[in-house]
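Written below as structure tokens is the structure these notes are about.
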Amino acid sequence: VNTKAQHLTMETLSKLQRMRMVASTVCKIHLLLLLLYFFVCSLDILSSAFQLAGGRVAGDIFQKNAILSNPVAGLVVGILVTVLVQSSSTSTSIIVSLVSSGLLDVPSAIPIIMGSNIGTSVTNTIVALMQAGEREEFERAFAGATVHDCFNWLSVLVLLPLEAVSGLLRRLSQAVVDTLQLSSGDEAPELLKVITEPLTKLIIQLDGSVITAIATGDQSAKNKSLVKQWCQTTTLKVIVQDYICMHLFVDCSLSDLAIGLILLACSLLVLCSCLITLVKLLNSLLKGQVANAINNVVNTDFPYPFTWLAGYLAILVGAGMTFLVQSSSVFTSAITPLIGIGVISIERAYPLTLGSNLGTTTTATLAALASPGDKLAAATQVALCHFFFNLLGILLWYPIPATRLPIRMACALGNHTARYRWFAVLYLLLCFLLLPSLIFGLSMAGWKVMTGIGVPIITVIIFVATVNILQVQRPDCLPPRLQNWDFLPGWMTSLQPLDDVITRVTLWNRQGKGKYLCYYHNRNGQLFFFFFLLQALWH
């Protein structure tokens with residue numbers, strides 16, 4: 001009798017445990033979806049914050065058409081403007097407006113589009129910083145985020161000179177526009193905004209036409225606020241009624257910059273909180289057999305001889321998902337935590353990212369097709385240039401495994417950030433702010449100055465890269481002196497001396513007022529990067 005009672009008790013306990021496990025899993029999934037919703041909304045608010053803080057500057061930059069006629073300057077303008085407004089769609093729509101109005105020609109618009117492609121990848125790089133608490137996760141997440149940057153930079157290095165010499169993208173897009181019988185279509189679908197706008201519209205609403213008006217030289221827009229005050233009810237694209245918008249900052253006395261900084265701080269706080277909690281939830285859900293099953297589905301190739309198809313299927317999935325959410329930043333930022341916890345490998349994340357690049361250009365093409373008849377051809381040609389740039393980039397850096405340099409470059413960056421976490425912030429500032437600003441300054445000084453400084457630097461980079469390859473593959477081909485870099489000072493071959501300096505500075509700050517800067521030595525690395533990022537953005 002006692003044995004039967006114990007057996008029944010064990011069965012009851014196991015049933016209770018299973019029920020609790022199922023209930024816990026269901027609650028976690030609901031919480032995961034809620035956090036994902038707030039994560040996407042915070043990205044939307046972050047974009048609005050950057051537009052408020054830098055939108056006028058972006059409009060003023062676009063107004064200087066003499067600058068934009070320089071291809072290198074146009075490329076840098078595209079990077080800086082997209083970083084400022086945190087939206088390649090916004091910068092591309094401004095370019096389309098300038099081309100349609102005759103203020104900018106298509107050859108000058110193409111380098112700016114290339115720059116906007118680079119600038120839009122800053123968002124998922126910022127998201128990767130929030131996984132700095134665990135070194136292995138941070139290494140994978142940062143590599144997964146920067147593979148997008150590496151692909152864009154390498155594509156620009158090849159296609160920008162090619163476009164300047166031959167006009168390849170312009171000719172391709174013109175041929176397609178001439179072949180197609182274009183007619184105005186419907187507006188691009190806004191599937192994601194249907195879900196997020198009920199919340200984000202209560203916080204802030206922006207009048208994007210103000211930035212476009214400033215860019216096109218409308219002097220009356222100089223004193224207008226980007227914060228929308230009046231909204232419109234429309235029926236079949238006919239305005240029915242104007243009414244006062246309902247959001248937190250309507251009739252606010254603060255300047256656009258002040259509102260932008262407030263939203264920037266709040267959105268970053270929500271973004272970090274959601275992402276940290278998302279990673280912990282995903283780690284608890286995707287473990288054991290569940291993680292193995294997802295890994296087998298996502299990262300496994302097809303049987304031979306169709307192994308190559310898996311990558312191209314991932315490109316299609318990335319394109320389709322980006323078309324659905326209407327934002328490459330949202331899609332790549334959403335998969336970055338999954339790369340960090342090891343659910344998606346960097347080899348599979350790469351084709352997903354390439355597909356995301358294609359998907360965002362499809363949305364821009366649909367938006368261009370909604371243009372009026374007199375602007376349709378120019379708007380469509382600009383959108384097609386964006387599409388062909390990404391397509392040619394994929395053809396350059398994906399079909400042949402040996403040419404998938406972005407994966408190797410991103411893995412190298414991930415290794416550095418795992419060892420020196422401050423390197424991630426340095427990379428962010430260098431690639432998206434300091435280096436573009438330096439190139440812009442050199443391009444404005446004239447071709448002679450730029451060539452005199454740029455050619456020696458590029459020559460040294462090519463020489464060092466060649467020697468590094470030979471040191472690994474064929475060291476016997478090199479003279480004994482160049483078979484290693486031991487003859488150079490330590491600071492030229494390693495980041496360790498700089499890391500020692502930063503460590504001493506942070507330890508000194510710990511004894512003074514800056515205690516929080518030492519958090520990168522322990523598990524709370526996210527806090528260090530969050531405060532460091534806020535300081536960098538503030539200054």
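Every residue, even glycine, has its Cβ placed from backbone N, Cα and C.
Remember, TrEMBL labels are computer predictions, not curated facts.
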Transmembrane segment per TrEMBL - which of 449-470, 515-536: 449-470
Seg_contact(the transmembrane segment (66-85), the transmembrane segment (376-400)) with at least 3 CB pairs under 8 angstroms, min sep 6: no
Long-range neighbours of the transmembrane segment (21-46), counting only residues six or more past its ends (CB under 8 A): 86, 123, 192, 195-196, 199-200, 203-204, 263-264, 266-268, 270-271, 274-275, 277-278, 281-282, 284-285, 325, 327, 329-330, 333-334
